[in-house]
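*Asks:* What Swiss-Prot records for this protein is below:
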ACT_SITE  Glu243  active site
ACT_SITE  Cys277  active site
BINDING   Gly220, Ser221, Ser222, Arg223, Thr224, Gly225  NAD(+) binding site
Amino acid sequence: MTHYIQGQWHTGNGHDVTSINPANGETIWCGKTATAEQVNAAVEAARAAQFDWFMLGFDARLAIVEAYRSQLEANKAELAETIAQETGKPQWETATEVGAMIGKIALSAAAYHKRTGTEANDTPAGRAVIRHKPHGVVAVFGPYNFPGHLPNGHIVPALLAGNTVIFKPSELTPKVAELMVTLWDKAGLPAGVINLVQGEVDTGKALASHPQIDGLFFTGSSRTGHLLHQQYAGHPGKILALEMGGNNPLIIKGVQDIKAAVHDILQSAYISSGQRCTCARRLYVEQGEQGDALIALLVDAVKQIKVGPWNAQPQPFMGSMISETAAKGMVAAQANLLDLGGKVLVELTHLQAGTGLVSPGLIDVTAIDVLPDEEYFGPLLQLVRYGDFDQAIKLANQTRYGLSAGLLADSREDYDYFLARIRAGIVNWNKQITGASGAAPFGGVGASGNHRASAFYAADYCAYPVASVEADAVSLPATLSPGLSL
């Protein structure tokens, strides 16, 4: 069980790949990658199944998607444990991920009707009707940080709209993808409607470049997303939806309850071991005694964050990063900031060789004139002290990204001022910036995306509008146009 093509499981014909539990280094999955020929077979299966899937009608498609929801409910403990083992995230967090997957079904059905439903109006020229049709065959590229929830957020609305799907998950989380597709199979999805191909860069390239796909929905790094954008620049007939990363700012101004502010900072910067695209990377704190007090409390709180394996009891706040390589990358990022003039307030350390376990870090980078505009994808927060609110907003906007941003402030006027000037697709006030609603769009501007917001707006890129003017019979107008005679 590695690849799922035309309703059947197949072993790969490529090279061996394994999945490692990053918290202990144990191998938990083995398989072989899909070759270009197997990718082609998956696309052909999706193409052959697409029209019949569309012609089933929305209600019949929804019934199968709701059967998938029932499968998620029945298997939520196994799915949460699989996500925890493969990503290193603690069990409490993976349980919430599965809950979000279950909730996505109702949200996607509501979004289908609200964003891409059918509307008819009588006009003097006839009945004007707006309908939406699926693009056809779409590829979904999933990330490792939310290997269930994020691809699910593409797959469910794509299927509801009448598309067929080829799912290519992260090579770091193949076991989660295999279980997800198993549940789709148990839900009764017709053969060819969803297909799974596992692999690394070569598999992804074979799928992304296939001439018979009509669209690609990607969640992942800005670098890969930009390469896909360049590749698709000459293909205006294909829909491309990119959800990429961010170098996200969080500003603190005039907050009396500093303990509550510190809590929101921790949730913004360190949840999921800093491996959420919306995590705060830069923290702006006012100069002065109030800011000093907040930072002192923050330093103490960061030092007390519990880190441990996915199954530790009592449960930790932070689990493992996705790999030892990722952990070493964060140590290197911290060293780079220190070389530029940063000052350690709390040192990020690699806790155990052979694992992705790291402690959270906090670096004062106020003395660095120009911060690297990089998404350090881990639990490393950069602190900047500021003296003027306008200066803080200006610094916050000094990034090519534009995913999430936040303000913790007691003044509504300060928030209105901030909201009008900050450049980001997700802007929160007095809430963690890693908190997003599935009933709202999710996406950013700049290097964070290509104006194809997901979540509630995913329906928008899963279908295209069809405008019609209709009448029940052919009829002559009351008056012919000048120059005509009949």
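Any Cβ shown, glycine's included, is placed from N, Cα and C.
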*Asks:* Helix, strand or coil: which one is Gly220 (NAD(+) binding site) in, per DSSP?
*Replies:* coil
*Asks:* Name them in sequence order: residues not among Gly220, Ser221, Ser222, Arg223, Thr224, Gly225 whose Cβ is within 8 Å of the mean position of the Cβ atoms defining the NAD(+) site.
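*Replies:* Not counting the recorded site residues, we get Phe218, His226, Leu227, Met244, Gly245.
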*Asks:* At the Cα level, what's the spacing in Å between Glu243 (active site) and Gly220 (NAD(+) binding site), rounded?
*Replies:* 7
*Asks:* Specify the count of other C-beta atoms within 10 Å of the C-beta of Ser221 (NAD(+) binding site).
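*Replies:* Cβ-Cβ neighbours of Ser221 (NAD(+) binding site) within 10 Å number 15.
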*Asks:* Which whole-number value in Å describes the distance between the Cα atoms of Gly220 (NAD(+) binding site) and Cys277 (active site)?
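*Replies:* Distance (Cα to Cα, whole Å): 9 Å.
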*Asks:* Between Ser222 (NAD(+) binding site) and Cys277 (active site), find the distance joining the two CA atoms and give it rounded to the nearest Å.
*Replies:* 10
*Asks:* Any idea which of the binding-site residues Ser222, Thr224 has the thinnest Cβ neighbourhood at 10 Å?
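*Replies:* Result for the binding-site residues Ser222, Thr224: minimum number of other Cβ atoms within 10 Å at Thr224.
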*Asks:* State the count of C-beta atoms found within 10 angstroms of the C-beta of Gly225 (NAD(+) binding site), not counting that atom itself.
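*Replies:* Gly225 (NAD(+) binding site): 23 neighbouring Cβ atoms within 10 Å.
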*Asks:* Just give me the nearest neighbour of Cys277 (active site) among the binding-site residues Ser221, Arg223, Thr224, Gly225, Cα to Cα.
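*Replies:* It is Ser221, whose Cα lies nearest.
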